[in-house]
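Engineer: I'd like to ask some things about the structure below.
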Amino acid sequence: MPFFSFIKNPNVSPYKRLQGISWTHWMGTDSTGRDLFSRVIYGAKISLQIAFYSVVISSIIGSCLGIMAGYFRGFFDTVINFVCDILVVFPDVILAIVIMFFLNKSMTSLVIVLIISRIPSFIRVMRANTMKIKQKDFIKTSKALGASDIKIIFRHVLPHLTSFFIIQITLSMSSAILTASGLGFIGLGLDPQIPEWGSILSSSKSDIRWHFHLFLGPFIVIVLTCLSFNLIGSGLMEYFDPNNEQ
């Protein structure tokens, strides 16, 4: 079908420009005649890839640092907390904007920015829960029996942190998508020709006042995607809650 072949090339503009929402164009067309629905569907791959890569990498780095800080404490914990406090002072979007000024517009740069902005949340979650687990009797018993710190971390601490790790990844996906879309909207994300969700909104800014459909479709998709990840995260929190009898 022509529709599916068109999705493969979202920059083709065979239609009349600025058409409204219809059965033919579910989200209308933009100022160059490109079908918005096709661009949003194609852009989902790009936006979700950016969020996924940034969240996975930041989760690994942040979790390792958080576990080490919470378990070993001391000077290392002090340094990690100090760096986190500095980063947490700035909201994710503000921190991302500052960093993007020093980087080129590319997917790699955007992923790096999101990694830096997401690491503190993983550090804090893993550090706090590691400190709680370290006080458990089975950890003290393992130490009394001569188990090494590395063995205790891998055998006892990590399995108890799995649920927190999964929940934090799910919740971080929505914030990563919002941050990436926000940067794209203000012109600090990817090139406007790349159909990333924020870039799609940014390329339509000059026409949004008179053609609201340019904003409505992509905005609804972004909101529903972020809401879905938040609901999944909330469901996982309830599922892994030890106080839940079901």
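A Cβ is built for glycine as well, from the same backbone N, Cα and C atoms used for every other residue.
Dumping what TrEMBL says about this protein:
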DOMAIN    44-233  domain 'ABC transmembrane type-1'
TRANSMEM  50-72  transmembrane segment
TRANSMEM  79-103  transmembrane segment
TRANSMEM  109-126  transmembrane segment
TRANSMEM  164-190  transmembrane segment
TRANSMEM  210-232  transmembrane segment
Engineer: Relative to the transmembrane segment (109-126), which of 50-72, 79-103, 164-190, 210-232 accounts for the most Cβ pairs at distances under 8 Å?
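Structural biologist: Comparing 50-72, 79-103, 164-190, 210-232 against the transmembrane segment (109-126), the winner is 50-72.
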Engineer: The transmembrane segment (164-190): which same-chain residues, six or more beyond its ends, come within Cβ distance under 8 Å?
Structural biologist: 46-48, 50-52, 54-56, 58-59, 63, 92-93, 96-97, 100-101, 105-107, 110, 113-114, 117-118, 121-122, 125-126, 129, 196-202, 205, 222, 225-227, 229-230, 232-233, 236-237, 240
Engineer: Same-chain Cβ contacts of the transmembrane segment (50-72) under 8 Å, 6 or more residues past its ends?
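Structural biologist: Here the qualifying positions are 80-81, 107, 110-111, 114-116, 118-131, 134, 149, 153, 157-158, 161, 165, 168-169, 172-173, 176-177, 180, 196.
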